[in-house]
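Student: Here it is: the structure, laid out below.
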Amino acid sequence: MSKTSIYGLTFEQLTSWLVEHGQKKFRAQQVWDWLYKKRITDFEEMTNLNKECLALLDNHFYIQSLKQAIKQESSDGTIKFLFELQDGNLIETVLMRFSYGLSVCVTTQVGCNIGCTFCASGLLTKNRDLSGGEIVEQIMKVQQHLDRVGKNERVSHIVVMGIGEPFDNYSNMMDFLRVVNDQNGLSIGARHITVSTSGLAHKIYDFADEDIQINLAVSLHAPNNELRTKIMKINKAFPLEKLMPAVDYYLEKTNRRITFEYILLRDVNDHKEEALQLVQLLKDKRHLSYVNLIPYNPVDEHNQYQRSTKESIVKFYETLLNNGIQCGVRVEQGSDIDAACGQLRSKQIKAKS
Ligand SMILES: C[S@@+](CC[C@H](N)C(=O)[O-])C[C@H]1O[C@@H](n2cnc3c(N)ncnc32)[C@H](O)[C@@H]1O
Ligand code: SF4
């Protein structure tokens, strides 16, 4: 029987599993305290569990499987981790420091099949989905790094914006969200967690119907179908006529704000014309919309794109703002390391091949 990651179980799943295996319900809280409060990595350290329970856990689960392959530290405090999974695949996880706290960007898939034309993550097609446990373990590895540094710092925010399309790995992503949000464990507030999608409209409906208050970001990047299809192939399957009704459903159902991500690509989508089209697209939902303008992180393989000039970024921002659209320009993190998501992984794979 092959073991699975204990991080992949929600509190309810662990409780039922323990009860089914003849253990008392309260053991679940003991196990979670060891995992998420004391953050141990070996079942033997769970000293208040009886031998039978320890053997049971040890026979069915493991705690950690990710190996740190590379750690790059930026002068601004950003740390990028490259982890090797049990099967040898590589993934990235990033720790970022903001005035409001420490945020971790997690990966949900090994590669990505959506293949956006500007993204390093999509350079290598998807090998497989990550399990819920493998996504949770990324947070635990970063938290354990912080524990070792010893400044009593805690991961306070999560962005599901690493390699992969989270809505293409929906149920594992939801298990992950339930584990990290659970008050019995890490208790990271739902409003401190953001999931970003390239726009899988049917899953936006599902996400709106979930009983959890996680923030949603939609990678828009263009205000019309022609341009969006050029930049993002996914727009063929989910054009704006499908995406925007899903967005409207989400807003109506949750009454929570959506962030629209918009990478500014020089002379591609950064003119006044596109800014005005974006205003039109969002004007009926501007009270619940926020546009995050993202300076493009150059990727060698996508050299058809350049970062917009500072001047055009400011003009685009002002056009949105003057027309009543709430917006901001993303503060860059880790620009002196392989900052674009998926870049460190693809470089490492190229170097090995
Ligand atoms: C890597 S994706 C992962 C989440 C999801 N697949 C999505 O596309 O929203 C997270 C965000 O990074 C952005 N991104 C990808 N490549 C980028 C680059 N080279 N420079 C800046 N942002 C980039 C994406 O457009 C998206 O908004
Ligand atoms: S931007 Fe998101 S969806 Fe597009 S290729 Fe990159 S990870 Fe995949």
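Backbone N, Cα and C atoms are what each Cβ position is placed from, and that goes for glycine too.
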Student: Check TrEMBL for me: it has Gly164, Glu165, Ser219, Leu220, His221, Asn297 binding S-adenosyl-L-methionine, so pick out which one of Ser131, Ser187, Ser196 it puts in that same site.
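Tutor: It is Ser196, as the record lists it for that site.
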Student: Would you say which of the binding-site residues Ser196, Ser219, Asn297 has the most Cβ atoms within 10 Å of its own Cβ?
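Tutor: Of the binding-site residues Ser196, Ser219, Asn297, the highest Cβ count within 10 Å belongs to Ser219.
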Student: What number of additional C-beta atoms lies within 10 angstroms of the C-beta atom of Cys116 ([4Fe-4S] cluster binding site)?
Tutor: 20
Student: Taking the Cβ of Gly164 (S-adenosyl-L-methionine binding site) as the reference point, list residues of the same chain whose Cβ is under 8 angstroms away and which are at least six residues distant in sequence.
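Tutor: Thr107, Thr108, Gln109, Val110, Gly111, Cys112, Ser121, Lys126, Asp129, Leu130 - these are the non-local Cβ neighbours of Gly164 (S-adenosyl-L-methionine binding site), listed in sequence order.
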Student: Return the average pLDDT for the domain 'Radical SAM core' (98-330) as a whole number.
Tutor: 96
Student: Among the binding-site residues Cys112, Cys119, Leu220, which residue has the largest number of other Cβ atoms within 10 Å of its own Cβ?
Tutor: Leu220
Student: His221 (S-adenosyl-L-methionine binding site) has how many other Cβ neighbours within 10 Å of its own Cβ?
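Tutor: So the number of other Cβ atoms within 10 Å of His221 (S-adenosyl-L-methionine binding site) is 25.
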